[in-house]
Every structure is written in C-alpha cells, then in structure tokens.
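Asker: Pulled the feature table from TrEMBL, pasting it below:
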BINDING   Trp58, Tyr151, Lys276, Gly311, Arg406  substrate binding site
BINDING   Gly118, Ser119, Asp247, His312, Ser313  pyridoxal 5'-phosphate binding site
MOD_RES   Lys276  N6-(pyridoxal phosphate)lysine
Amino acid sequence: MEEHKRAQLLHKDRQYVWHPFTQMKDYENQDHLLIEKAEGIHLYGADGRTYMDTVSSWWVNVHGHGHPRIKQAIQEQMERMDHVMFSGLTHEPAIVLAEKLVERTPEGLTRVFYSDNGSTAVEVALKMSYQYWQHQGHKTKHKFIYLQGSYHGDTLGAVSVGGVDLYHAIFKPLLFSAYQAPSPAISGMEQSLEAIEDLMKRHQSEIAGIVIEPLIQAAGGMHIYGADFLTRLRALCNTYEIHLIADEVATGFGRTGKMFACEYAGMTPDLICLSKGLTAGVMPLSATLCTEEIYQSFYDDYETLKTFFHGHSFTGNPLACAVGIESLNIFEDDNLLGHVQEVSAYMQQQFRRFADLEHVDHIRGLGMVAALNLVKDKDRQEAYDPVKRAGYQIYKQGLEEGLILRPLGDTIYYWLPLCTTKEQVDTIIARTSSVIEKVTAKL
Ligand SMILES: *Cc1c(COP(=O)(O)O)cnc(C)c1O
C-alpha cells in the first residue's frame, strides 16, 4: 500500500474507530497495525511486512486464512442466497450444518439453536436452562455457578457469569447475581469440587446450572486443568440436578487436540456453546446445542407459552452455515485432527525449552495452545510491576520480529491455527525466544 494512503487510513482510524479491549490512548503517537491481506498463518501489513498469526486472529482461525475451499463455499452460497430470516423459514445450509454438529458433538446433544457470536451462544444456554426449570415447575431455580477466572463473553448475561475482575468488576451493578466457585486450575481440583458441591448442596433449589470452560480457562489467563474435573463435575450435576453448561466457544473444533474438550472426559454436558472455530474463524456464527430432555420441555401447544422467545437478525446466516459445513468437511478430508496430534506434540515439546529462560515460569499447554508467565524473579515467584506492562512490551517487540503475540497480562501464549506446520512452529519458537530475551533484558 502506498505510504500516504496507509497514513491517511491510520489517521482516520484514530479519528473514527474505537477498537475492542483497547486503550486508544496507546495509539496516540503510534500506529495500529494495518493489515492488508491474510493467507495461511500469515498476515500482511500495509507496511510491507509479514506477521505470523500465533493467536489465530483471536482464537478463531482453523485452516489458515484464505483457504480456497472456504472461499469457494462462500462464493457458491452467495450465488444462491445471501441471507433470510430464520423464523418461519429454513434453508439447506443451516439444516445440513445442524445435522453435522449433532453428529460431531458429544453423544446426547440433539438440537441446535443458532446465534451469531460466542457471548450470545452463552446467553442462549443460560436462558434455556432457566426456562427449562420454569417448565419443570422449579420456579426458584434462577441462579448459576461460575468459576473464578472464567470468561464467557461481554454481553451482560455472559459478564454475570464472568470471573475476571479486570474485565468484569466495573459492570457489577448491571449484572444478575451468581455464585462464584474456585477454579480447579487456580485453586486445585479438590478445593474447587468441594466448594462447588457445597454450593450445590446448600442452594440446590436455587441453582439452574453451572457454566464452565472445559480444560482451558482461556481469556482469564490460559489456566489449564485436568479432565478428571469434568468427569466429577458431571457426577455432581447429576446428583444435584443442575445443568452442566460447557462453553466450548474457544476450545471447540480441534484446538485442544480433540474435536471438543469434553471428549477428554467422555462427558456430555446438558448444553454446549460453540462459536469461534465453528466457521473456521471466517464468519460470525454460533450454536448452542442441548439435550433432548431440555428440548422436549419447550415442545408443547403454543397456548402453553413454552416457546423459546429468543432470536437474532442474523440467526443461521446461510453464508456462515455454508462455511461451517465446508470447514467440517476439511477436517475430515485432510485428517486435520491427525495433523494436530502430531504438530501439537512437537510444539509442546519445543515450548518447554522456554523453561530455561530466567524470567519464564509456569509453562503449560494442551493441543495447539501453550502458555507461560513472565516473572521478575522465578525463585521468589515475584511478578513484574504492572505499570511496566510486560505483556504490552511483548506485543510490540513481537511485531518487530514478525509475530502477532497478544499476551493476557504477563501471560504469553500461542493459540495456533490448526494448519500450522512443524517448520512454522520452529520459526515461531525461535522468534518468541528472541522477543522474550529482548523484552526481559529491558524490563
Ligand atoms: C471468546 C469467548 C466467548 C465470547 O465469544 P464472542 O464471539 O467474542 O462473543 C465466550 N466464551 C469463551 C470461552 C470465549 O473464549
């Protein structure tokens, strides 16, 4: 791109655009990175430089950018039909995708409700769970349990079950009340399960469901815990008749090494929330799947007023559904999960090398996700002073080295596109080493 056009666009960006999760003042004297083109795991800047997308464009991308089969699926669908409403009407892409999702998700999830982003997928699950209990005559079940450090989206219902104070505390007066339980990843599995059981026992008549991110509490800081927790939580939910809502918006579609993280525990939640990788990270779409039992509690004569009154303008968008179908086809045709098994094993092994660095601690990972914490003093477990903004320094140095790294606080992580190759892993690791060494030397 010509330099004057780039400068002009960035000027207008500052003038008109408010970016998400961004202190816009950071860009007063510095440019946002203007991306012109994306292909495979590479982003091409208007500055003529190339960047490796180690965070899958906010955890959504699956097959790399600009995949030819995805492009073709959009084009072919666009020729036939762009968008129609999804109430009173239906269409082939949404039907075919729903069948595939029922087939691919854990056994026992039989019905698919579409919306258009991860937060709304969670809102839908919360509302379905609550309304189910209303239909069952349990009129007082209107509360939810969530975990410390959890993130389920930014709409108010999703924030109400969010456990990250930095994002959520200021909105407290706007939220419905919910019970927070300790996280298995932060406080340990036994302590977490004990507290959850205690809450369930004491408030069984009030609690509709518990909402969790299976295996990886992502936005809260890439906290990872074991599959045993899921198995035992499933048992508790059965005992106390409480819905288990699995928010697989981030973990779904192969990111953890299996299609869905719940599979590690052979566990079926009552509701599952999907988005991000659902359309390979290309179109906004989400789905909430539920059990037949939940679905049947809504299924009655209209006069009984058991209809689920919820929907969005872009519910079941045909272009997005067509992409979702093609993405699942690519999973099968390319044996993508086989590729992920191989590359992720290699990546996790290479990632452990960072343990030798002086300011790196708490290395962890699962599938195509890996994370570490930057610390001022490893032995004394001392964090950097937050005003140093170590994570932000990493982001900026990453750009210098041709990497998109977007740390969460002082947690540096990879959330790699599933198509990443071993050679690309080598390059990413080498560049990250250099980024960490340069930044920690300066701090
Ligand atoms: C990203 C995310 C969401 C919210 O999805 P949006 O599409 O950003 O609204 C919900 N849950 C989890 C676990 C997520 O990572």
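Our numbering is plain: 1 for the first residue shown, then up by one each step along the chain.
Note: Cβ is positioned from N, Cα and C throughout, glycine not excepted.
What TrEMBL says about a protein is an automatic prediction, not a curated fact.
I'd like to know what surrounds each of these features in this structure.
Answerer: Cβ neighbour count for Tyr151 (substrate binding site) (all protein chains, 10 Å cutoff from its Cβ): 27.
Secondary structure at Asp247 (pyridoxal 5'-phosphate binding site), taken from DSSP and collapsed to helix, strand or coil, is strand. All protein chains shown were included, and the count of other CB atoms within 10 Å of the CB of Asp247 (pyridoxal 5'-phosphate binding site) stands at 32.
For Lys276 (substrate binding site), the count of additional Cβ atoms within 10 Å of its Cβ stands at 29 [all protein chains shown].
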Asker: Rounded to a whole angstrom, what is the C-alpha distance between Trp58 (substrate binding site) and Gly118 (pyridoxal 5'-phosphate binding site)?
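Answerer: One finds 12 Å between the Cα atoms of these residues.
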Asker: Including all protein chains displayed, how many Cβ atoms other than that of Trp58 (substrate binding site) lie within 10 Å of its Cβ?
Answerer: 15
Asker: For the binding-site residues listed here (Gly118, Gly311), which one has the lowest count of neighbouring CB atoms within 10 Å of its own CB?
Answerer: Gly311
Asker: Same chain only, sequence gap of 6 or more: which residues have a CB within under 8 Å of the CB of Ser313 (pyridoxal 5'-phosphate binding site)?
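Answerer: Long-range Cβ contacts: Met85.
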Asker: In sequence order, which residues at least six apart in the same chain have a CB under 8 Å from the CB of Ser119 (pyridoxal 5'-phosphate binding site)?
Answerer: His152, Gly153, Asp154, Thr155, Ala158
